[in-house]
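Scroll down for the structure; my scribbles are underneath it.
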Amino acid sequence: MQSSYARSTRRFSYALIAPVVGIMLLVIVFPVLDTARLSFFDATFIKPGLDAPFIGFKNYFSALNDKLFWRALWITVKWTTASIIFQFALGFGLALLVNCKVRGAKVIRSLYLIPWMLPGALAALMWKWMYHGSIGLLNYVLLQSGFSNEPIPWLSKPETVLWAAVLVNVWRGAPFFMIMLLGGLQTISHELYESAQIDGANFVQRFIHITIPLLRPLILTLFIYGTVGAFNFLDIVLVLTGGGPANHSLVLPLYAWRSAFFDMRIGYAATISMLMCLVLGGFVLTAFRLKAATTS
C-alpha cells in the first residue's frame, strides 16, 4: 500500500505538470481537432463553424483530385529538400570553422546569428529589395562585375523564383544548424582526434569515422526538426513571391492560406492543413524509427 507521502508527492507532481498540459491542450490539441472538424464542413467566412453544412469527405476528394494541390505538394517537397540540404551543409561548414578556433571565429559566430534572429517576413522584405530587377543589390553586383549583361528578374522567372526563395531560407536557417552542430562538436573529446592522428588518419578520415558517427543522433534530430519546420514555413514565400509567377513557388502552407483568405474556403483550407499533418506525421514516424534503428 502506498504511503501518504508517496500519494502527496504524486499529487504535487500532477499539479506541477497540469498547467503545461493545459497550455498544450489549448494551443496544440484543440486547434488540430477543430481544424479536423472544419475539414468535414463546407465552411466559409459567411457560414463558419457549426453553421456550415456537413459534407463529409468531399473536401478530401476535391483536394486529391486538385492538380494545383499536387503541384503545390511537389514544390513543397523541392523547397523543403533543398532548404534542409543547404542549411545543413552551410551550418556544418561554419560549425567546423568556428570549432577550429581560427582567428575571428567568435565574431563569425556572433554575426551569423543575426539572420536567425530576424523575423521571416522582415528577412523576405530585405531580400526582396536585393532581388529587385532595377535597384536590387544582387543585380548591381552582377552587372558591375561583368557576370551578367542585363538585370535578372529573379522573382518573376519560373526558373529562378523557387531557388531565390530557397536561398533566403538557407541564409536565415543555417545559423540554427551551426549552433546545434557546434554544441555537438564541442562534446567530442580531442583525445579521439589526437589518437586517430597518431595512427595516421587525415582530416577527412577523422571526419568520416569519428565526427559523423558521434554526431549521428544529433544530425538525424536536426533533419527531422528542420524538415517539419521548412515544410510548414510560410513567411518567406508569402512575402517574397506570393506563390508566383503562375504558382511556380506555391507551397502547401501558402495554398492553404490562400484558400482560406482569398477564396474564403475555410473548410478546404482545413483539409489541406490536415493532409499536411498526415504527410508530416508519416515522415516523423518513419524518421524516428530510422533514427532508433541507426543509433541502436
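Glycine is treated like the rest: Cβ placed from N, Cα and C.
As recorded in TrEMBL, the features of this protein are as follows:
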TRANSMEM  12-33  transmembrane segment
DOMAIN    73-287  domain 'ABC transmembrane type-1'
TRANSMEM  79-98  transmembrane segment
TRANSMEM  110-130  transmembrane segment
TRANSMEM  161-182  transmembrane segment
TRANSMEM  222-246  transmembrane segment
TRANSMEM  266-288  transmembrane segment
Intrachain residues whose Cβ lies under 8 Å of the transmembrane segment (222-246), provided they are six or more past its termini: 76, 79-80, 83-84, 87-88, 119-121, 123-125, 127-128, 131, 155-158, 161, 164-165, 168-169, 172-173, 176-177, 180-181, 252-255, 257-258, 276, 279-280, 283-284, 287-288, 291
Outside the transmembrane segment (12-33), six or more residues from its ends: residues with CB under 8 Å to it: 277
Tertiary contacts of the transmembrane segment (110-130), as residues 6+ beyond its ends and Cβ separation under 8 Å: 94, 136-138, 155, 164, 167-168, 171-176, 178-179, 233, 235-236, 238-240
